[in-house]
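One structure below.
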Amino acid sequence: MCGSNYPLSIAFIVVNEFCERFSYYGMKAVLTLYFIHYLHWNKNLSTAVYHAFSGLCYFTPIIGAIIADSWLGKFKTIIYLSIVYVIGHVIKSVGAIPDVGDSTVHISLSMLGLILIAFGTGGIKPCVAAFGGDQFEEEHTEERRKFFSIFYMSINAGSVLSTIITPILRGDVQCFGGDCYALAFGVPAALMVIATVVFIAGSGLYNKGPPEGNVLLNVCKCIGCAISNRWRRPKNSPKRDHWLDWAEEKYSVYKQCVLISVLWYFLPETSYSRDQNGAEGAGPLHSITHMLNALLILVFIPIFDMGVYPLIGLYWFTICLFFFSQDPNSLTHNKMVDVQPNNIHIAWQIPQYVLITAGEVMFSITGLEFSYSQAPASMKSVLQAGWLLTVAFGNVIVLIVAEGAGMEQWTEFLLFAALLVAVSIIFSIMSYFYTYADPDQLNKLFNEEANEGNMDDLKKEKDRMHMKDLPKGTKM
């Protein structure tokens with residue numbers, strides 16, 4: 001593309017992401033006003049539903065990641081969930097038409113539409129970024145890193161334009177005798193249709209890797225099987241050396257994975273991390289181990305990523321809500337009070353926003369690239385989902401502090417500043433001891449481990465069939 005090492009398929013992915021983000025943020029820009037002025041909810045209920053929807057959008061990526069890595073692959077997952085996404089937008093737009101039913105129908109359609117949108121946007125989030133990274137050849141690592149910057153730029157370009165355009169459509173265009181929420185929701189729906197069509201149009205250019213099976217999911221099954229078998233074991237059953245041994249008959253390989261994953265991060269020099277020749281990093285199931293270590297690095301991200309950003313947005317949202325929800329006729333009856341002017345100029349906020357924005361840009365782009373590069377091919381969507389889950393937990397933290405703690409505003413900002421300092425120190429220490437994995441070597445190790453596991457399964461199946469064919473008296 002343009003004489004560079006960027007494949008042409010990247011253009012379709014970037015345009016798709018731009019339209020999808022326009023669709024999502026354009027709908028959210030007028031969502032709270034829709035709750036208050038159209039559904040006639042109070043401010044507390046509107047705020048609660050708004051943040052519950054935002055949180056759900058960042059908890060559902062783990063579902064899309066598991067579907068993509070385990071069953072459908074990224075390409076089909078993006079298409080199917082995009083269709084769900086479009087249906088949600090259409091239902092949401094229909095619910096904003098006054099002539100369609102009564103208030104109960106409007107609320108039902110709105111909630112159903114929001115749930116479908118949450119599953120659609122959350123499900124495709126981890127897949128699109130990882131799918132974009134899959135389009136590059138192994139030797140084009142530098143171009144792939146720059147792609148995440150372009151990808152993040154398309155996200156913000158779509159959100160900025162939609163946040164400006166959608167409120168204008170609601171306020172300046174009148175339909176059905178009032179503000180045209182149907183149009184304000186219909187335009188984002190049309191953009192999501194365009195996003196889906198653009199993505200499908202590039203189908204012939206994509207590098208579509210088949211689903212390779214999600215090792216992390218099998219590890220979870222291994223743990224569940226061990227717990228279940230141990231709970232249901234007969235009284236006279238022999239003792240096992242470790243509680244995970246109760247899953248050994250079905251998940252012998254993944255039992256090792258759980259043990260190694262715990263030891264790898266804290267005891268890197270243990271024998272679990274070396275092969276028979278003493279080479280570090282080639283131990284069994286190293287790929288899932290390294291991915292769990294990468295997830296461990298993300299544990300403290302919620303405070304750093306969303307500790308201050310949504311809190312500032314929350315207060316701007318409250319201020320805007322106050323002005324938009326005032327009745328102009330009622331303002332003339334209020335008593336005028338002489339208030340002393342604030343001696344701190346509002347321009348003092350500019351350096352704060354510049355620094356926060358710079359930190360957000362560097363942090364988010366690096367996080368996208370880190371989440372992609374530190375996982376094998378079968379788990380890239382899962383690690384992307386882990387990165388997105390930090391946003392969900394960050395919003396939960398903000399809601400708990402801002403809505404439940406009952407602190408004054410300056411106390412909340414001071415609390416988050418202290419948390420950011422503490423987490424930055426802990427995060428710096430963890431990052432210093434973190435060992436980066438070479439993506440190509442990680443995929444190679446994963447393929448070797450998967451082949452070893454398949455060979456063991458084939459051997460067991462062959463032995464089982466052989467015993468089945470023997471006469472009854474000779475099976476023992």
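Heads up, the Cβ atoms here are built off N, Cα and C, so glycines get one too.
Since the structure is predicted, the reported quantities are computational estimates derived from the model, not experimental observations.
Per TrEMBL, the range carrying the annotation transmembrane segment out of 215-232, 287-304 is 287-304.
Touching of the transmembrane segment (181-201) and the transmembrane segment (78-97) is concluded from the presence of at least three CB pairs under 8 A, sequence neighbours closer than 6 excluded.
Scored by C-beta pairs under 8 angstroms, the transmembrane segment (48-72) has its highest count with 109-131, from the stretches 22-41, 109-131, 151-169, 413-434. Where the transmembrane segment (109-131) meets the stretches 22-41, 151-169, 413-434, the count of C-beta pairs under 8 angstroms peaks at 22-41.
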